[in-house]
Each structure stands twice: as C-alpha cells, then as structure tokens.
Amino acid sequence: MNFLLSWVHWTLALLLYLHHAKWSQAAPTTEGEQKAHGVVEFMDVYRRSYCHPIETLVDIFQEYPDEIEYIFKPSCVPLMRCGGCCSDEALECVPTSESNITMQIMRVKPHQSQHIGEMSFLQHSRCECRPKKVRTKPENHCEPCSERRKHLFVQDPQTCKCSCKNTDSRCKARQLELNERTCRCDKPRR
C-alpha cells in the first residue's frame, strides 16, 4: 500500500513538473523575442552574462552612509554598474570609465520636514575584466564596539572611539529614547 501511494505521489509530481516545464519560457533574447523550443543559445547566454554595465538597484544608504537622519524616497536608485562574469577566475569585472548622474530624491526628516533635493550618484559607463587585486586586510588595532551589534555602531579608526549610528533626534521622532550604551532606540523610562 505504501509503495502504491508513493508511486502515485511521484507520478503526480512528475506530471506537474512536465506540465510546468511545457509552459515556462526561456529568458527573452532581444526585444522580447523568444527562441524556438525555449532554449537560449550559448553565444547569447555568453554575450549577455559577460562583464558589462548593467542597471542595478543601489540602496541610497550604501552611497550616503552618513546621512542617517533622513529617510529617502525612493530608498534605492537605478544606476549603471559593472556586473557579469569574466572568462578567468583570476579576473574581475571593474569599471574603466565612470560618470556622475544627478537625481531628484525626497529627503524626509520624520515629524520635521520633507523636501525634494538633488543627489549625485556614480555610474559605470565602461567595464573590463582585469586581474584581481590582492587585498590585504589592514591590521585593525581597535577593539570592536560590540561583537553582537556591530551594525549599530560607527568606530573612528584613528581614535577607536565608538559612537551610535542612531541619533537622539531619530529616536525621539519615533517617541523613543536613545540608549547610548546599546545604541538602540528604547521606550522611555517612567
């Protein structure tokens, strides 16, 4: 009985898979055109995956990490950045030509103000596969601020002084208080 149930289960799974495979389509090649039989040819795959500038959504905080008092709308922007594969493991896809682009972004200070302003971002216009640089990690002479909550702190590499990424005004905007020991926004003590 168990064998029969198992066989029926696997047969149904196979039929479902084959039905889905029949209707699924390969990625479009150019201008939304599809290849016959849903197979993307090798040279097309190779050309589209090789190192080149490609539109990438980039988080604004990644580009402006010090502007933590603002909330940005939208929170990420479409930028041309180098991406793709190189033909050798010893190579990496890097920009060889860059330019700036200015975009209008809404900056919101919670419960205070909001305005649309211009922000500049770096775009890659040309990319090449170049030998990977050997990255030696610099000797860090500072003790970490907190092992468990590194993401809440900023550390000055010269003085080793730890400070909170959160600000008192950011916590107060959410009706909370900044706990300077943990760098978290906590409920006010009564």
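Quick reminder: no glycine exception, Cβ is built from N, Cα and C everywhere.
Quick look at what Swiss-Prot annotates:
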- Cys51-Cys93: disulfide bond (DISULFID)
- Cys82-Cys127: disulfide bond (DISULFID)
- Cys86-Cys129: disulfide bond (DISULFID)
- Asn100: N-linked glycosylation site (CARBOHYD)
- 1-26: signal peptide (SIGNAL)
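Looking only at the recorded positions Cys51, Cys93, Asn100, the one with its C-alpha closest to Cys129 (disulfide bond) is Cys93.
Note on Asn100 (N-linked glycosylation site): other Cβ atoms within 10 Å of its Cβ, all shown chains, come to 8. A strand conformation is recorded for Cys93 (disulfide bond) in the three-state DSSP classification.
Calculated from their C-alpha atoms, the gap between Cys51 (disulfide bond) and Cys127 (disulfide bond) amounts to 7 Å. Residues within less than 8 Å, Cβ to Cβ, of Cys127 (disulfide bond) and separated from it by at least 6 positions along the same chain comprise Cys51, His52, Pro53, Cys82, Gly83, Gly84, Cys93, Val94, Pro95, Thr96. Cys82 (disulfide bond) has a Cβ environment of 21 other Cβ atoms inside 10 Å.
Cβ neighbours within 10 Å of Cys51 (disulfide bond), excluding its own Cβ and spanning all shown chains: 19. For Cys86 (disulfide bond), the same-chain residues that are 6 or more apart in sequence and have a Cβ closer than 8 Å to its Cβ are Tyr50, Cys51, Glu92, Cys93, Cys129. When other Cβ atoms within 10 Å of the Cβ of Cys129 (disulfide bond) are tallied across all protein chains shown, the result is 18.
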